[in-house]
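Here is what TrEMBL says about this protein:
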- Arg31, Phe32, Ala33, Pro34, Ser35, Glu67, Tyr203, Arg221: L-glutamate binding site (BINDING)
- Cys121, Cys123, Tyr143, Cys147: Zn(2+) binding site (BINDING)
- Lys262: ATP binding site (BINDING)
- 34-44: motif ''HIGH' region' (MOTIF)
- 259-263: motif ''KMSKS' region' (MOTIF)
Amino acid sequence: MPAASPQLLPTLPLVTDFATTHSGLRHAAGRFAPSPTSALHLGNLRTALAAWLLARSTGRRFVVRIEDLDRARVAAAGKIASTQLRDLESLGLDWDGPVVRQSERLDLYADAVAGLETYPCFCTRREIAAATTAPNEADWHPYPGTCRRLTVQQRHERLTTRAPATRLASQLNTFEATDLARGCARGRVDDLVLVRNDGTPAYNLAVVVDDGLQGVDQVVRARDLWSSAPRQAQLAELLGFIPPVYAHTGLVTGPGGVRLSKSAGAAGLSDLADSGIDHRQVVAWLCRSLGLPEVADPHELVNNVALTPPTPVAGIHRLDPRPLGGAMGWWSDAVLDVAVLRETRRP
């Protein structure tokens with residue numbers, strides 16, 4: 001007798017009415033949602049361009065969201081966010097509606113948590129500190145459920161020594177998410193953190209709530225976030241939303257395969273401008289890295305791109321602005337990465 005298939009979340013009694021009680025007119029959308037911790041580097045800009053092209057070429061809105069919940073890390077969040085938005089505009093990327101800032105939506109996140117089955121978690125700050133920051137696939141391990149097994153008395157005892165975080169009491173070990181490269185892929189889920197012990201909404205909670213309420217049904221992001229997709233898809237369904245379709249692109253990496261970051265010297269638009277590389281050349285480079293024609297204005301590609309399943313290729317080496325010089329000579333060390341979009345000939 002064949003094994004029974006896993007129960008689908010929509011039939012579970014845990015599904016809340018959050019989506020319907022906070023409903024509004026939400027047309028399909030793609031999005032770009034940077035954290036205001038530093039200027040956007042080339043990897044961020046490439047993701048933004050891919051997300052914008054995918055949304056515009058499929059008739060969707062494109063929304064921008066500033067994920068500014070971790071106030072301790074982003075004291076200059078407002079100024080940095082303004083710079084990030086100017087960088088997007090410099091590349092010709094526009095968006096629909098006002099820019100959403102997570103720091104202004106705390107009541108929504110609290111409402112979402114109120115309807116879910118949760119439990120307090122007293123694990124150390126080190127174990128839960130990453131909850132407000134997008135976790136990287138290589139760094140993530142399922143939470144073992146340590147605090148879920150605590151008795152009422154044990155919880156009371158721990159409350160005298162530290163404030164708890166709030167975790168989702170998940171009913172499943174795996175969940176399915178749809179990715180343009182992987183198709184419908186099942187991944188591990190756990191009792192993810194919803195609220196940190198300092199009261200800050202966690203990354204996974206905020207991003208799911210915002211995607212659902214903004215009508216985001218298409219998410220383009222780097223492949224190191226794949227491990228988050230099944231967990232976010234599960235939470236979306238628990239809140240009454242339809243999970244988005246994901247497109248996890250290859251990483252833009254530095255020498256040795258290291259992830260790009262501003263702290264490691266990754267180049268941003270201002271760095272490139274200081275070396276004589278203007279935004280039109282940057283757009284052309286980003287287009288080529290996606291397997292598209294080199295154009296200076298991304299609007300030229302909106303009616304000439306289509307989805308194609310990406311195939312793994314090597315990452316793009318970091319473009320250090322110091323040796324960049326002269327026209328497009330800065331191509332010499334670049335290696336093309338995964339293409340999510342490609343040029344097509346439409347009748």
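For all residues, glycine too, the Cβ spot is worked out from N, Cα and C.
Those TrEMBL annotations? Automatic predictions, nothing curated.
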Between Arg221 (L-glutamate binding site) and Cys123 (Zn(2+) binding site), find the distance joining the two CA atoms and give it rounded to the nearest Å.
30
Confidence summary (mean pLDDT) of the motif ''KMSKS' region' (259-263):
66
Mind tallying the motif ''HIGH' region' (34-44) by DSSP state, helix then strand then coil?
3 helix, 1 strand, 7 coil
Say you check the Cα of Phe32 (L-glutamate binding site) against those of the binding-site residues Cys121, Cys123, Tyr143, Cys147; which is nearest?
Tyr143
From the binding-site residues Cys123, Tyr143, Cys147, pick the residue whose C-alpha lies nearest to the C-alpha of Arg31 (L-glutamate binding site).
Tyr143
Which of the listed binding-site residues (Ala33, Cys123) has the least company, meaning the fewest other Cβ atoms within 10 Å of its Cβ?
Cys123
How many Å separate the Cα atoms of Cys147 (Zn(2+) binding site) and Pro34 (L-glutamate binding site)?
32
When distances run from the Cα of Tyr143 (Zn(2+) binding site) to each of the binding-site residues Ala33, Pro34, Tyr203, the nearest one:
Tyr203
Which of the binding-site residues Ala33, Pro34, Ser35, Glu67, Tyr203 has its Cα closest in space to the Cα of Cys121 (Zn(2+) binding site)?
Tyr203
Looking only at DSSP and grouping its letters into three states, which state does Cys123 (Zn(2+) binding site) belong to?
coil
Across all the protein chains here, work out how many other Cβ atoms are within 10 Å of the Cβ of Ser35 (L-glutamate binding site).
22
Of these binding-site residues, Tyr143, Tyr203, which scores lowest on Cβ atoms within 10 Å?
Tyr143
Those binding-site residues listed as Cys121, Cys147, and which of them has the most Cβ atoms within 10 Å of its own Cβ:
Cys121
